[in-house]
Amino acid sequence: DQGAGATYLEPSASQIGHKESIKDTARVLGRMYDAIEYRGFGQEIIEELAKYAGVPVFNGLTNEFHPTQMLADALTMREHSSKPLNQTAFAYVGDARYNMGNSLLILGAKLGMDVRIGAPESLWPSEGIIAAAHAVAKETGAKITLTENAHEAVNGVGFIHTDVWVSMGEPKEVWQERIDLLKDYRVTPELMAASGNPQVKFMHCLPAFHNRETKVGEWIYETFGLNGVEVT
């Protein structure tokens, strides 16, 4: 939209990490482009790209973090709240170990927000991520809560976030395990009402498994009897 030239390299169009090292790929692309956005898997890949590219490298998504989504989510919460962000509370419920849970925790800490994570303890962010969030919160005044009680997590919040229960690249076999662990963390009308806030908003980075109108959604319904998974 702004007139810049862009090139998309899909996985099959690049030999990065396969026949060509990440370091060499970074050096070549850095000579050809003014900036690079990477969307893939390991955080260590984008960090190596950034080390050797010589141009700005943006994180479009890794297993661990999703900062570009955070820009959109922070803007959305600011636009749809009558309060400044440092007076706003939000909750993330579901599997909090991956990029969305990690990133929302750090985002809220950096912006001085009231951040709630509602998830089984085994699906909380890593100890390192939690420690980093608490360290930032000491500087910004953010409030951080991690709880296994979904209703406690959403009480009084303005926004309820969630994400898919099975992430990119994970096998179908993990669905049953996640459903067993997370069935009490589905975002339902009842959970929204538990916020006690009639103006509470729901947020999801998408795509969401919220009905049977996709192949995966229909397979989940036929296999597990769920019409919608993380939200319904």
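Cβ from N, Cα, C; glycine included.
Taken from Swiss-Prot, the feature carbamoyl phosphate binding site applies to Gln15, Arg39, His66, Pro67, Thr68, Gln69, His204, Cys205, Leu206, Pro207, Thr232. According to Swiss-Prot, the site 'Important for structural integrity' annotation covers Glu79, on the basis of similarity to another entry. For Asn99, Asp163, Ser167, Met168, the entry in Swiss-Prot reads L-ornithine binding site.
What Swiss-Prot annotates, mapped onto the structure for a quick look.
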residue : record                                    : CB count, 10 Å
Gln15   : carbamoyl phosphate binding site          : 11
His66   : carbamoyl phosphate binding site          : 25
Thr68   : carbamoyl phosphate binding site          : 15
Glu79   : site 'Important for structural integrity' : 7
Asn99   : L-ornithine binding site                  : 22
Asp163  : L-ornithine binding site                  : 24
Met168  : L-ornithine binding site                  : 11
His204  : carbamoyl phosphate binding site          : 19
Leu206  : carbamoyl phosphate binding site          : 9
Thr232  : carbamoyl phosphate binding site          : 14
Restricting to the same chain and to sequence separations of six or more, state which residues have a Cβ under 8 Å from that of Ser167 (L-ornithine binding site).
Asn63, Asp95, Tyr98
Quick check: of the recorded positions listed here (Glu79, Asn99, Asp163, Met168), which one has the Cα closest to that of Gln15 (carbamoyl phosphate binding site)?
Met168
About how far apart, in whole Å, are the alpha carbons (Cα) of Thr232 (carbamoyl phosphate binding site) and Glu79 (site 'Important for structural integrity')?
25
When distances run from the Cα of His66 (carbamoyl phosphate binding site) to each of the binding-site residues Asn99, Asp163, Met168, the nearest one:
Asn99
Pairwise Cα distance maximum in Å, L-ornithine-binding residues per record: Asn99, Asp163, Ser167, Met168
12
In the three-state DSSP scheme, Asn99 (L-ornithine binding site) belongs to helix
Grab the carbamoyl phosphate binding residues from the record (Gln15, Arg39, His66, Pro67, Thr68, Gln69, His204, Cys205, Leu206, Pro207, Thr232) and give me their largest CA-CA distance in Å.
40
Within 10 Å of Leu206 (carbamoyl phosphate binding site) (Cα basis), scanning recorded positions Glu79, Asn99, Met168, I find none
